[in-house]
Amino acid sequence: MLRLDKVSVSIEGVRVLRGVSCEIIARKTTVLIGRNGAGKTTTLRAIMGLIAMDQGSVRLDADDLGSRPAYTRARAGIGYAPEDRRLIPELSVEENIRLPALALKLDRAEVARRLDEIYQLLPELHVMRSRPAGGVSGGQGKMVALGRALTVARKVLLLDEPFQGLAPALALDYARTLGELRKHRPELAMLITESSPALLDRIADRTLQIERGEILDTSTKDREFHVAAI
Amino acid sequence: MSNAIIPLLLDSLASAALIFFAAVGLTLVFSVLRVLNVAHGSLYSIGGYVAASICLFIASRQLNPYLSFLALLFSAVCVAAIFGPLIERGLVRWTYGKSEAVQILITFGLFLILEDLQRVVFGVQSFYEDAPMRLLGTTSVGGVVYLNYQILLIAMALLVVVGLRLLINHTRLGRLITAVVTDREMAQSIGIDTNRIFIVAFSLGVFLAALGGALATPTSGIAPGLGADTMVLAFAVAAIGGLGQIEGAALASLIVGLARVLAIYLVPSLDAVAPYAAMLIVLLIRPYGLFGSVTARRI
């Protein structure tokens with residue numbers, strides 16, 4: 001579905017990604033594991049077009065995204081929840097979740113449908129929908145960011161370190177939500193980055209390991225999961 | 001006593017209204033594009049020149065004089081439609097992400113070009129066409145005579161404050177602008193074409209400046225140098241109000257207008273200094289301006 005081919009990215013002259021190639025597959029949850037500074041966030045930012053690539057390509061199905069401006073990602077159905085939430089504090093929780101619908105000019109019925117789906121998955125968002133996003137806690141903010149990303153994600157969902165900074169109870173909640181999401185939206189291709197593999201053991205279908213800007217072969221990990229599934 | 005105070009108040013409100021048109025555009029462009037457009041004042045004076053030219057044309061052809069009101073608005077729309085996209089796409093966008101020094105140098109260069117362009121096109125003589133002001137006439141209350149045009153200016157400024165607030169808080173475009181102001185990258189990630197928002201916001205800023213210039217022409221005429229004067233005043237107002245703050249710009253315009261008119265009435269020699277004295281005092285107490293905060297600057 002989403003294919004990165006030899007993607008190289010530099011930040012201020014320093015190579016951060018060195019020829020990253022990988023594929024994010026529909027109906028699968030792919031987890032990208034790596035230490036801080038390994039290039040996880042940069043990989044997601046490169047997919048989103050938020051950072052210029054030195055070389056390589058990003059394709060969604062037959063669509064070459066690399067040559068197009070960042071805002072086209074959302075139109076192509078790629079939803080993105082950054083690690084640091086990045087909500088608009090003065091707008092309410094629901095207004096934040098609806099914001100992509102305004103940008104994408106979705107019609108009323110479609111917005112209501114997506115919002116329903118999100119509230120069903122994340123009932124706590126429904127409870128706090130009219131609170132200003134600036135007033136929710138960090139963990140709740142992550143849920144709001146997930147909700148906003150889901151408004152966009154028709155094909156691909158990118159989550160950057162969703163468990164980072166979550167209290168253990170909330171992290172468990174979040175993991176459960178991701179499991180639910182898999183059931184509700186089986187067609188979705190998900191890419192989740194994380195620094196510790198343990199948290200995502202249950203939801204990961206495939207694991208990729210990134211180190212110093214390079215993806216290491218992790219097919220063995222894949223097989224392990226198959227064994228576990230059997 | 002009240003016979004002296006009311007015209008004084010009206011004078012300062014009308015003068016505040018004109019400064020506000022220039023300052024609110026400057027502050028709006030800054031908050032969306034994060035570029036301080038030094039050439040903003042030139043767009044104010046271009047609006048004035050275009051409006052004066054059209055009004056003079058209307059007078060010379062003896063067309064319906066009330067058309068000149070339409071001409072004021074029309075000239076602002078024209079200036080915005082031509083110069084807005086042209087300057088943003090052609091010049092300002094190359095400065096995004098560059099240091100403030102580069103942005104200021106480039107827009108200062110544009111300011112010099114636009115000032116000379118105005119001298120070439122409109123000459124160095126001053127333009128004066130007060131048909132719109134004469135048409136509205138005066139009102140006399142309790143022996144004090146008011147210019148109705150001044151009341152129109154104040155009403156227009158209030159309309160802009162309310163209109164901008166409604167636009168920002170209650171329209172689709174306003175929401176998208178808010179998203180871009182708060183977090184440009186996130187805005188792109190959720191599907192907002194930020195380049196389009198930049199063009200629209202910049203052109204809106206140009207429209208407001210040109211409208212200010214057009215509305216000012218009937219009261220004070222227009223001559224070379226107006227662009228520079230306006231720019232400096234608009235910057236003082238934007239700094240007092242807090243960069244990026246619409247209501248802040250309105251309140252700061254009032255302060256500056258009042259300071260100027262008070263100086264003219266009481267100590268005429270301090271007329272030019274008064275706005276900056278006000279700015280100095282406000283910034284000493286509140287370094288980010290009346291409505292500003294450290295986070296709102298987001299540079």
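Using N, Cα and C of the backbone, Cβ positions are placed for all residues, glycine too.
Pulled from TrEMBL:
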TRANSMEM  B:12-36  transmembrane segment
TRANSMEM  B:43-60  transmembrane segment
TRANSMEM  B:66-87  transmembrane segment
TRANSMEM  B:148-168  transmembrane segment
TRANSMEM  B:197-216  transmembrane segment
TRANSMEM  B:273-291  transmembrane segment
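The transmembrane segment (B:66-87) shares the most Cβ pairs under 8 Å with B:197-216, out of the stretches B:12-36, B:43-60, B:148-168, B:197-216, B:273-291.
Between the transmembrane segment (B:43-60) and the transmembrane segment (B:197-216), the number of CB pairs under 8 angstroms, six or more residues apart, is three or more, so the stretches are in contact. Proximity of the transmembrane segment (B:197-216) to the transmembrane segment (B:12-36) is established through 3 or more Cβ-Cβ distances under 8 Å for residue pairs spaced 6 or more apart. Note on the transmembrane segment (B:273-291): residues 233, 236-243, 245, 247-248, 251-252, 255-256, 259-260, 262-263, 297 of its chain, located 6 or more positions outside it, place their CB under 8 angstroms from a CB of the stretch.
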